[in-house]
Amino acid sequence: MTDTVIDARGVVKRFGRFTALDGLDLTVEAGQVAGFLGPNGAGKSTTIRVLLGLLRADAGTVRLLGGDPWKDAVALHRRLAYVPGDVSLWPNMTGGQAIDLLGRLRGGLDPDRREELLARFELDPSKKARTYSKGNRQKVALVAALASDAELLVLDEPTSGLDPLMESVFTRCVLEAKAQGRTVLLSSHILSEVEKLCDTVTIIRRGRTVESGTLEGLRHLTRSTVRASVDGDPSVLSGLDGVHDLSADGNRVSFAVDNDRLGTAVRAVGDLEVRSLVCTPPSLEELFMRHYGDELSALDGSGGERT
Amino acid sequence: MNALTGTGTLLRFVLRRDRIRLSVWTLALVGTVAATVPALDEMFATEAQRRSRAALMDTPTGIVFGGPGYGLDDYGLGPMVVNELTMSLLIALAVMNILHVVRHTRAEEESGRAELLRSGAVGPSAQMTAALATAALVDLVIGGLVAATLAGSGLAIADSAAYGLGLALAGIAFGAVAAVCAQVTGYGRGAAGLAFLAVGVLFLFRVVGDMAEPGGNALSWLSPFAWVQQTRVYDDLRWWPLLLYPLLVCLLFAAAYALAGRRDLGAGLVPPRPGPAGAGSLLRGATALHLHQQRGAVIAWAAAVFAFAAAFGTLSSEIDTMLEENPELGAVFLGGTSEVMAGYLGTMVSYTMMAASAYAVVSVLRTRSEESSGRAEAVLATAVSRYRWFGGALVVSALSSTLIVLLGGLGMGIGAAAAVEDSSWIGTMLEAVLAQLPVALLFTALTALVVGAAPRLVPLVWAWFGYSVLATMFGGLLGLDEWLVDLSAFSMLPLLPGGEFEAAPVAVAAAVAVAAAAGGLLGFRRRDLLPV
């Protein structure tokens with residue numbers, strides 16, 4: 001078993017004139033749960049399809065489980081399981097048939113685990129796929145993937161149709177997979193889910209990697225929010241290096257501070273006869289917004305892009 | 001808000017969506033008429049030529065594709081046009097109307113788009129009404145243009161108008177059949193299949209009725225295929241048979257709206273039943289998956305082709321009677337019953353091949369919908385190679401069309417053998433279809449080639465199929481040069497019985513099929529899976 005499960009560097013993928021991936025980098029080490037974030041149209045699904053050998057990269061190098069995903073597709077696919085973002089099933093087949101079929105095509109699945117997962121996800125396998133809701137179709141793909149022995153799970157927005165109850169079942173399943181030593185690539189919009197599950201995070205935008213690393217490491221690079229009640233005059237804080245968005249309302253004060261200046265800022269607050277102090281590390285949401293914030297403000301302008 | 005709110009908007013939307021599709025149908029149908037009329041006039045210029053052509057219309061082949069045979073005594077341009085063209089035009093109109101109505105009713109529901117539309121200020125009957133109204137509009141335009149073309153060629157104006165109106169009304173009736181079928185099953189494909197089956201049976205009613213009695217018997221009158229020609233246009237015009245169309249259409253519309261009003265959006269008449277909670281032991285591997293997906297369609301096509309082939313084979317029994325009644329025929333064919341029969345059954349072999357080839361194309365094209373729906377992605381992300389998945393689809397297509405071809409041959413053989421009490425016809429007909437089998441395989445392979453190597457060119461396969469059907473059916477009539485007729489897939493290989501078997505073209509066709517299939521497989525391995 002290789003240590004690096006996914007190693008993509010400088011991947012470029014064009015569809016006609018549209019560049020979907022523009023030098024994307026993604027690394028996932030064995031045994032990690034890796035979060036893969038980005039807004040709609042950033043290229044998450046395209047990246048996953050390149051990793052699965054369904055699309056061929058125009059440039060860059062891609063290694064998956066030590067092989068070439070395009071050339072060695074079949075051999076590699078025996079070792080991974082995939083849950084597409086938009087699960088489409090054969091309308092005249094039951095969910096149970098689809099699970100068995102996908103499992104067999106992958107090289108077999110564990111019947112006991114299949115039963116257990118069906119029960120946990122509360123899925124009726126004897127219903128025809130065309131009568132399933134989006135969430136139930138997603139459960140079919142999840143059961144098929146999780147009941148396999150695959151060492152790598154590739155999950156593309158797997159919880160977008162699940163209710164909160166099922167989402168927590170999913171979370172437990174992923175943590176169990178991690179405990180078994182499996183590697184998980186989890187593309188998602190749901191930041192709380194990524195925060196709960198992921199060891200590392202890669203944030204992409206317009207086909208490029210804009211941030212990657214452990215969640216702790218990423219937090220360190222950004223700002224914390226400080227809220228305090230003080231008796232002294234908070235205006236002195238505005239002169240400090242690394243302090244932003246200072247607002248004072250009576251004796252309450254709040255500001256954001258670059259994490260490498262946090263110590264100085266807290267000392268300065270301490271000098272102001274502090275009565276209460278709350279310091280919040282940046283949430284993933286804030287990390288995310290920092291990279292897409294300007295896109296949000298430009299939304300009413302250009303209308304954005306899509307793949 | 002009433003049941004029809006939003007119909008106007010949807011109507012414009014349907015016309016906008018299908019502007020190219022509907023224009024192509026209109027141009028193709030009217031163009032065929034416009035090209036055939038002068039060609040007929042030129043080809044059958046003398047009295048003797050027309051008389052021998054009229055005699056041909058009295059044979060089983062003539063009745064199947066000509067009609068009840070009005071105006072044969074004085075076979076002028078008008079009766080000639082009606083006898084040569086009506087059935088082809090009606091079949092084309094049936095295909096167009098059925099596909100159009102299903103596409104805008106059941107297929108929309110199945111895809112979930114109808115749900116989106118119906119959540120707006122759109123009445124529950126608006127979509128079906130818009131689909132039927134647009135179909136009727138196009139039918140009337142086609143009918144009007146055909147009437148104008150015929151009147152413009154110097155034919156009687158009243159008769160031309162009656163003929164054009166008859167075609168349009170028949171088209172509307174076929175659309176109404178499709179509207180009823182669309183209520184029965186939850187699947188668009190199933191609805192279209194059901195409608196084609198219903199229309200096929202109606203076609204058979206007319207054929208059997210017209211064979212039994214000159215001018216048709218009561219069975220003929222049950223079929224909307226008959227009523228256009230029962231007006232006896234260009235012979236002894238009577239308008240009243242056209243009244244049967246509005247009668248049938250009203251009945252079918254009432255049934256369709258009543259059924260639609262009683263069911264939920266997206267539901268068929270038969271509620272979905274629970275199925276097996278696990279896959280059977282046979283459902284393993286990509287080829288098994290393709291087979292599982294297509295088995296219903298294959299069984300339906302094969303059974304329909306077998307039934308029609310047997311029915312047409314049985315009609316050979318009429319040949320003897322006709323030769324007795326019409327000694328002139330013997331002179332035309334310079335032979336006895338078996339020569340006439342061989343010619344008739346040879347023509348039927350061509351039609352069997354058309355059906356089998358159409359299925360071969362449809363079957364391979366299923367891979368496209370698997371791909372665009374994302375289901376191919378799910379399979380190809382498992383340990384299934386591109387070759388296995390796509391190759392499996394080709395194997396299923398080739399085997400299914402072979403089955404259809406063989407059952408067609410067997411049906412005709414059994415029918416003919418029973419009709420003339422000579423069992424050797426079974427072997428003869430099986431040989432005849434086997435000699436043509438490479439044509440169907442060629443369609444499998446060529447479709448594979450475009451799907452694998454250049455998916456955008458898929459319409460080219462249908463274009464060649466359409467050209468082949470037209471060239472084989474009308475090539476002689478239009479006076480096409482021989483090389484143009486030879487470009488037709490159905491005229492490339494020796495047509496038995498009656499023709500002479502040659503190994504060379506069969507071998508070439510088979511070799512081309514193998515090469516094209518290999519090209520398709522390589523192309524599919526090398527290209528990106530299409531993004532969803």
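Residue 1 is the first one shown; counting continues down the chain.
The backbone N, Cα and C atoms fix where each Cβ goes, and this holds for glycine too.
Sequence annotations record features per position, and here TrEMBL assigns transmembrane segment to B:22-40 (among others).
Under 8 Å from some Cβ of the transmembrane segment (B:85-102) lie the Cβ atoms of residues 18, 22, 25, 28-29, 32-33, 36, 64-67, 131-132, 134-135, 138-139, 142, 146, 167, 170-172, 174-175, 177-179, 181-182, 188, 191-192, 195-196, 199, 203, 225, 228-229, 473-474, all in the same chain and six or more residues away from its ends. What TrEMBL lists as transmembrane segment is B:85-102 (among others).
Per TrEMBL, the feature transmembrane segment maps to B:136-157 (among others). If you look at the transmembrane segment (B:136-157), the same-chain residues 6 or more away from its ends with a CB under 8 A from one of its CBs are 15, 22, 25-26, 29-30, 33-34, 37-38, 41, 77-78, 81, 89, 93, 96-97, 100, 163-169, 171-172, 175, 234, 237.
Feature annotation from TrEMBL assigns transmembrane segment to B:163-184 (among others).
Here TrEMBL flags B:191-209 (among others) as transmembrane segment. Proximity of distant same-chain residues to the transmembrane segment (B:191-209), defined by a Cβ-Cβ separation under 8 Å and at least 6 residues beyond the stretch ends, is recorded for 63-64, 91, 94-95, 98-99, 101-102, 105-107, 174, 177-178, 181-182, 184-185, 216-226, 297, 300, 304, 308, 311-312, 315.
Per TrEMBL, transmembrane segment is recorded for B:239-260 (among others). Through the fold, the transmembrane segment (B:239-260) approaches residues 124-125, 128, 132, 162, 165-166, 169-170, 172-173, 176-177, 179-180, 182-184, 221, 224, 227-228, 230-231, 269 of its own chain, all at least 6 residues removed from its boundaries and within a Cβ separation under 8 Å.
Summarising the annotation, TrEMBL assigns transmembrane segment to B:298-317 (among others). Within the chain, the transmembrane segment (B:298-317) has long-range Cβ neighbours (under 8 A, six or more residues past its boundaries) at 60, 64, 193, 197, 200, 204, 207-208, 211, 341, 344-345, 348, 352, 355-356, 359, 400, 403-404, 407-420, 425, 429.
Note on the transmembrane segment (B:342-365): residues 59-61, 294, 297-298, 301, 305, 309, 312-313, 316, 319, 333, 393-394, 396-398, 400-402, 404-405, 408-409, 412, 416, 425, 429, 432-433, 436, 439-441, 443-444, 447-448, 451, 458, 461-462, 465, 468-469, 472, 489-490, 495-499 of its chain, located 6 or more positions outside it, place their CB under 8 angstroms from a CB of the stretch. Per TrEMBL, transmembrane segment is recorded for B:342-365 (among others).
Marked as transmembrane segment by TrEMBL: B:394-420 (among others). Tertiary proximity for the transmembrane segment (B:394-420) is limited to same-chain residues at least six positions away from its ends with a CB under 8 Å from its CB atoms, namely 287, 290-291, 294, 298, 301-303, 305-317, 320, 337, 341, 345, 348-349, 352-353, 355-357, 359-360, 363-364, 426-430, 432-434, 436-437, 440-441, 443-445, 447-448, 517, 520-521.
Sequence-distant contacts of the transmembrane segment (B:432-454) (same chain, at least 6 residues past either end, Cβ-Cβ under 8 Å): 345-346, 349-350, 352-353, 356-357, 359-361, 363-365, 367-368, 390, 393-394, 397-398, 401-402, 404-406, 408-409, 412, 460-461, 464-465, 489-490, 492-497, 501, 506, 509-510, 512-517, 519-525, 527. TrEMBL lists B:432-454 (among others) with the feature transmembrane segment.
Among residues of the same chain six or more beyond the transmembrane segment (B:461-480), those with a C-beta under 8 A of the stretch's C-beta atoms are 28, 32, 35-36, 39-40, 42-43, 65, 84, 88, 350, 354, 357-358, 361, 443, 446-447, 450, 487-491. As annotated by TrEMBL, transmembrane segment applies to B:461-480 (among others).
Annotated transmembrane segment per TrEMBL: B:503-524 (among others), in sequence order. If you look at the transmembrane segment (B:503-524), the same-chain residues 6 or more away from its ends with a CB under 8 A from one of its CBs are 386-387, 390-391, 394, 435, 438-439, 441-442, 444-454, 492-494.
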Using a Cβ cut-off under 8 Å, which residues of the same chain at least 6 positions beyond either end of the transmembrane segment (B:163-184) come close to it?
82, 86, 89-90, 93-94, 96-98, 100-102, 105-106, 128, 131-132, 135-136, 138-140, 142-148, 150, 191-192, 194-195, 198-199, 224-225, 227-228, 231, 233-234, 242, 245-246, 248-249, 252-253, 255-256, 259-260, 263, 268-270
Same chain, outside the transmembrane segment (B:22-40) by at least 6, Cβ under 8 Å from its Cβ: which residues?
15, 77, 80-81, 84-85, 88-89, 92-93, 96, 100, 134, 138, 141-142, 145-146, 149-150, 153, 466, 470, 474, 477-479
